[in-house]
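**Student:** Annotation comment: TrEMBL describes 20-135 as domain 'CENP-V/GFA'. The region 'Disordered' annotation in TrEMBL covers 137-161. Summarising the annotation, TrEMBL assigns compositional bias 'Basic and acidic residues' to 137-150. Look at TrEMBL and you will find 151-161 tagged as compositional bias 'Polar residues'.
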Amino acid sequence: MSDEGFPTLPDYKSTDAQTYEVTCHCGTVKYSVTLTPPLPKQKVVSCNCSICTRNAYLLVYPLRRQVTIKSGEDTVKSYSFGSRRFLHQFCARCGSCIFFDPRTTEYGEEPDLLGVNVRMFKDVKINKLQIVHWDGKSKGEMSESPREAAEQSTARPWNLQ
């Protein structure tokens, strides 16, 4: 547990890690994600906020350095709303929602991570995932100013591990 009483992200353990190959629908954006623990042991976040619901995000939160874009980086576009803090990134060619970037370090938070949509993972079995639900709809954090969001509690969906 963190000092604020929220669960913390699991420690990176190379002995309990697995790398996944990931693509958008059209295959233009290709990347790999290393997760520790591996996906079957991860808590996958399903948020009910407006954008996560519409984009059908199912997110895991690896450290940014554990995500390697192999091709199509110039095709990745961003969308943000409300406070403009959170970047929702998608393939401009096929529209696949691939990343959620909370820009933690830009707002004085640690660790530096990305939300990665596991629906893009090759051969993912959704019914085998440990899905946890995040009530982003009633948190209202997306509509606050960046300063207010940074000053609030550290309750974030990536702390559900």
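Glycine is no exception: its Cβ is also placed from the backbone N, Cα and C atoms.
What TrEMBL says about a protein is an automatic prediction, not a curated fact.
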**Student:** If you average per-residue pLDDT over the domain 'CENP-V/GFA' (20-135), what number do you get?
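**Tutor:** That stretch averages a pLDDT of 93.
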**Student:** DSSP-wise, what's the residue breakdown of the domain 'CENP-V/GFA' (20-135) into helix, strand and coil?
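**Tutor:** When I sort the residues of the domain 'CENP-V/GFA' (20-135) into the three classes, I find 24 helix, 47 strand, 45 coil.
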